[in-house]
């Protein structure tokens, strides 16, 4: 896929949600730009996720949670036309893994849902969390609450499930749109494999998702992220 074709594709309303952005001049904007610069420099992804010296861990995690939310929205947007209630009546990752939705409000008990409905509810829920200034404070003068890390772990765990569903049930679509985009396009949006590796290295660097959740993609991960697995 050419660079122009890539841009055209993602300007057709295929992104699942509008991007969340950091305000220029803020600490998190600076951390975001630092993270993007590391990715674009060709630095090893395993090294790129490490906490920069002198920076706060919670700020670093907050920046990445928002960035991964944006990127995985984009990835799901490339397959959402093919992920329907008919084609994907459950939110699953193959025959062994099915994900149930619960949010303590509308769905108080874990409930089986079609994949598109699960993902839509998930993205709405994450958007609510990251827009909650009591949970993701805008000012660095306001401390992160005690609930910050547990919520981030839940967000990242659920985002990982989107990777699982996309890779296992929609891999042909990823291939057909040119998942292995040219290297210069990585500057704008890493292709799916690069995004997955970045996500995997980040969650394992800071122990944010339990190993049981990683099982559906472990075989693929062992081939794609060999250095990461060796370090566990």
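Using the three backbone atoms N, Cα and C, a Cβ is placed for every residue, glycine included.
The Zn(2+) binding site annotation in TrEMBL covers 83, 88, 165, 170.
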8 Å Cβ shell about 83, 88, 165, 170 centroid, Zn(2+) site members excluded: 79, 82, 87, 115, 116, 166, 169
Neighbour-count leader, CB within 10 A, binding-site residues: 165, 170: 165
Chain-internal residues, separated by at least six, CB under 8 A from residue 83 (Zn(2+) binding site): 76, 115, 116, 119, 165, 169, 170
